[in-house]
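Peer 1: My questions all concern the structure below.
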Amino acid sequence: MPGIRVLVVDDSVVIRKLVSDLLSADPDIEVVGTAVNGRAALQKVAQLRPDLVTMDIEMPEMDGIESVRAIRATGNKVPIIMFSTLTERGAVATLDALGAGASDYVPKPANVGSVGRSMEQVREALIPRIKSLVPRRGITPHPAGVTVAPTATVQLHAPATPPLGGHRLLVIGSSTGGPEALSALLHTLPPLSVPVAVVQHMPPLFTRQFAARLDRQLPYDVVEAEHNQPLRPGTVAIAPGDYHLEVTTDAAGLRTRLTQAPPENYCRPAVDVLFRSAVAAVGPAVLAAVLTGMGSDGCKGARLIVERGGSVLAQDQATSVVWGMPGAVATAGLAERVLPLLELGPEILRRLARQRPSLVPAGALS
């Protein structure tokens, strides 16, 4: 059976060799070529028609971001995974690449001198992403069971009775494809009458840059969450990389709690942790949305939300980069609605508006 055909793009001959050897060792993957910069990658993508491209960001002649833009400008939708350095500069460049149309990213090998451990870390991060982004040849990247038509909006279980007093909290979980999906969703929402807490699987530095970027773009506050921070209506708090984000409550209202408890679902922050804490804090008055992402993080938490009378929405398969997390929720019958990405915002507004008298009053954000 043919493998997933991958093109490796990097200006370092050492990295090209290491990544090619690592991928070729997997029986489901075939490295069909390499390229030394973004310009050469354009030619190789057209010639070789790979199933997926791995792309360095910093390269001579044409860097990875320019190459992604050029590939997308031709209408080619081949999945592209960026190699990113875990630095402030690398975080900014990676977000730029995702905005240009890259599908995902993995940390670049930081210490070629420690080849064994470094490449094992790359293998653990890269190969599952490749197999999730190229769903073919018997490889199943999302749960089997529920099949959603490409343009369908699906109701999978009876809607929960609206909580008395309305929803008090919106929680969102996302992973692969999540930065662009979350940005698109938030751009459809005005300042809300409830606080928003988000877990996006990202490393440290990346979440801070991501929150800052959204804060510049949106007409309300988006912050990287800090410990014991008030969660106020009309604001969005994003979990910092390597910390679980929990919601707590006291006499003054809702607050954040950050912990470095063990990872759940191999993730820290984990969506399940956020969802579980939301139920503990507000009971049935929680509204959750599960966006594109690899794996099933959020499914256990979604079940708790539903069992307590809260509501869960999921992004549909057609608009997800990877229908793992939302697919797990849909397959388990936990989502009240499975919707295209750009229909989630209006659905959230509809649910908040029917249970609350209004959105945030004028001046409430000052």
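Cβ atoms here come from the backbone N, Cα and C positions, even for glycine.
Among the features that Swiss-Prot reports, active site is placed at Ser175, His201, Asp297, with the record citing sequence analysis. Annotated domain 'Response regulatory' per Swiss-Prot: 5-123, in sequence order, evidence recorded as sequence analysis. Per Swiss-Prot, domain 'CheB-type methylesterase' is recorded for 163-355, and the stated evidence type is sequence analysis. What Swiss-Prot lists as 4-aspartylphosphate is Asp56, and the listing cites sequence analysis.
Could you place the listed features in the three-dimensional structure?
Peer 2: For Ser175 (active site), the same-chain residues that are 6 or more apart in sequence and have a Cβ closer than 8 Å to its Cβ are Gln200, His201, Cys267, Thr292, Gly293, Met294, Gly295, Asp297, Val322, Gly324, Met325.
All protein chains shown were included, and the count of other CB atoms within 10 Å of the CB of His201 (active site) stands at 26.
Neighbours of Asp297 (active site), defined as other CB atoms within 10 A of its CB across all chains, total 29.
Here Asp56 (4-aspartylphosphate) comes close to Val9, Asp10, Asp11, Ser12, Ile15, Gly64, Met82, Phe83, Lys108: these same-chain residues lie at least six apart in sequence, with C-beta atoms under 8 angstroms from its C-beta.
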Peer 1: With DSSP as the reference, give the number of residues of the domain 'Response regulatory' (5-123) in helix, strand and coil.
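Peer 2: Each residue of the domain 'Response regulatory' (5-123) counted once, the result is 55 helix, 26 strand, 38 coil.
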